[in-house]
Structures are given as C-alpha cells and as structure tokens.
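Swiss-Prot annotations:
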ACT_SITE  Asp101  active site
ACT_SITE  Asp283  active site
DISULFID  Cys319-Cys354  disulfide bond
DOMAIN    85-391  domain 'Peptidase A1'
SIGNAL    1-20  signal peptide
Amino acid sequence: MVVFSKTAALVLGLSSAVSAAPAPTRKGFTINQIARPANKTRTINLPGMYARSLAKFGGTVPQSVKEAASKGSAVTTPQNNDEEYLTPVTVGKSTLHLDFDTGSADLWVFSDELPSSEQTGHDLYTPSSSATKLSGYTWDISYGDGSSASGDVYRDTVTVGGVTTNKQAVEAASKISSEFVQNTANDGLLGLAFSSINTVQPKAQTTFFDTVKSQLDSPLFAVQLKHDAPGVYDFGYIDDSKYTGSITYTDADSSQGYWGFSTDGYSIGDGSSSSSGFSAIADTGTTLILLDDEIVSAYYEQVSGAQESEEAGGYVFSCSTNPPDFTVVIGDYKAVVPGKYINYAPISTGSSTCFGGIQSNSGLGLSILGDVFLKSQYVVFNSEGPKLGFAAQA
C-alpha cells in the first residue's frame, strides 16, 4: 500500500488550464453529473437491478431473485435513491445523458435507428449526421433480468468536459428492451473499465478513457459520487479539495478487464475489524454492495428485524431501522459506508419495508463495491500500474 499526501497531490490539470502555450497541451478537466428534471419519473425494479449486477460479472442469478424480478417489485420516484448518476456527453451532434460505468467497456447510446416507440422521452444519437459506420461491426449486451440492447457501430466525435476525440467507437442501439426504454432519464452508458472487455465484434474497440488519456496531464480519473446529489468526475488530475486526510493506494488487478483490488478486512458498526480480506471490484455502474454470503449474514445479524425475503429477492428490513455502518479495510485506511446509505429504498411504492444496500454476490467469487460504497469515498482510477486510490470525501 502507498499513502499519497494532499501536499503531493497531482494538480497539473489546474495549471494546464491557464497555460498560454499555443501548441496542443495535455490537460485535466472536471465534468459534473446532473439531476434530470423532476418530471422524468420512472419505475425501477429492485430485484431486476440486483440481477443485472450479478449477471454483469458472470454470476448466477438465484431463482428467487429471477422470480422477484419477474413480478416487478418496484418503487417510483424521480432519480430513485441514487440508482444512477448521469453525465452530459456530446456524441456527434447530440448531447446525451450517460451512465459512467467503471464496470464495463462499451459506449452505447439510444439512437434514431430504434423504432419510434422506443425513442420517446430519450435524447437520441443521429449517426447519419456525423459518423462513419464500421461495416460489419456489431454489439449485443444482455443482462440477468432479461434486459438487452444491440446495434451497429460507428466512428464519431465524442466530447466529455474539456476533451474531444474524433475517432471514438460509438455503439448505436437499434434494438433495446423495455427495461431501458422506461428509464427516460438515461440515454446510454459510457464504460470506463479496461478496453479488453469491450463487446464489439469482430474486434473489440477502445474505451473513451483509453482513447483520450494521452491528452491528459496524468492517465487517471477520480470519482466523487454523492448521496442524494450529483457527483463529479475529475479527468487527468486529483482535486485535493475533495478529500480529507491522505489517499491510500493499492494495486489494481485488470486481468479480467475490471478495476479489481484486494481488501484487508472489514468491520460492522463499532465491532472489531475482521482480518479476512476479500477481492473486490470498484464499479460505478453497480448500485449496491455485493459481498460473500458470510459477510452479508454477519452484517444483517446486526440489523434488527432484517430477513432474507424470496418475495423481494434479497435482504429487507423496516425502513425505520438505522443499520450499522460498514467499513472496508484497505491497508491502514478504513473506508466507512454510513448505515443510512445501506437503508436503500422501499421495496414498493409506499411500503414500510426497505431493500438493503448490501446483498449477496451469489457465489461470484468477487465482491462488487458499487455506488452505495463509492458515494462515501473519493476514488482515483490510475491506469499507470494500474492502481486505485481511496480517501474519505471532504
């Protein structure tokens, strides 16, 4: 483990922003997420969301979760319970609102190639106005809850914050399932995992980050997701105003294409730390924290009235409950997830029973630290090494 002090933090992105050099320079920039208009409400299927997270990493979706997902247990509110963080991105001549996902490597978007009934409410990519089609190239993604998307591939200009590339592979949806259509706030996904797991056939394409990182001061991005508020992505530099104390670095395992790493233990509430570490993935595209069964069971033993519900497809408890904090140990650093974040959402509109923000990884062999974990941290994703850095948010 390496601890990186604030005083040594990389702030080259700030200095390059005021550089007067006429030649193209490397840079750093910040892109803010936004909350979509409050009238863009939708229905989320909590067990379906859980199933997608398991299937995304090749996990087995339990039958009880499949059945719960098929029954459509849901809650309806604007931008439900931090389920997604959306970021404006210019693709060709269109501005779209995308989910930045460190657990996948595709840039796919709603497009005007979709049937008109599936376009309603979404901002659309129009490849005919700006793009070059990659003849014979296709993409096809499916998830454990039955949701799917597929289509053609184009080469086009993509701008995120202060950086533009005119040669980015863009996957335009021509077929998409109702689960995606219903979410009118979200126009697609921008993957920030390693390019090795891009799904384009016959040849995988490069992620936006891998395409533009040579333009950045440093080949990294940092994430500050927030609870009940839009978050921020810093590309090319580290903003020391966004964290407290020091950044603790650990090696990232990219062998499976994800931002994987090893933890050194965990603790529940005020209890002592377990020295049993686990392998994990830092994933902004997963909402929940997915852990080994023994850790999940140990956690909910400390939550009054908690039970594993087949009907709901996971652990639930009274919405009036204050769950204990959950702490992940990384070297000498303790990353604390406040218990209120783990009281995730009512299992249905008006219900007094809530779905837990910690659920089983169903024997996946990896733990997934999604947004419930990440919105308590400032996390640095550095492709040099590669390595991950963690610090408490300021």
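Quick reminder: no glycine exception, Cβ is built from N, Cα and C everywhere.
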Across the domain 'Peptidase A1' (85-391), average pLDDT on the 0 to 100 scale: 95
Cβ packing number for Asp101 (active site), 10 Å threshold: 21
Nearest recorded site to Asp283 (active site) by CA-CA distance, among recorded positions Asp101, Cys319, Cys354: Asp101
Cα-Cα distance linking Asp101 (active site) and Cys319 (disulfide bond), given in Å to the nearest integer: 29
Cys354 (disulfide bond) to Asp101 (active site) - Cα separation in whole Å: 25
Most crowded position, judged by CB atoms within 10 A, among Cys319, Cys354 as disulfide-bonded residues: Cys354
Number of other Cβ atoms within 10 Å of the Cβ of Asp283 (active site) across all protein chains: 27
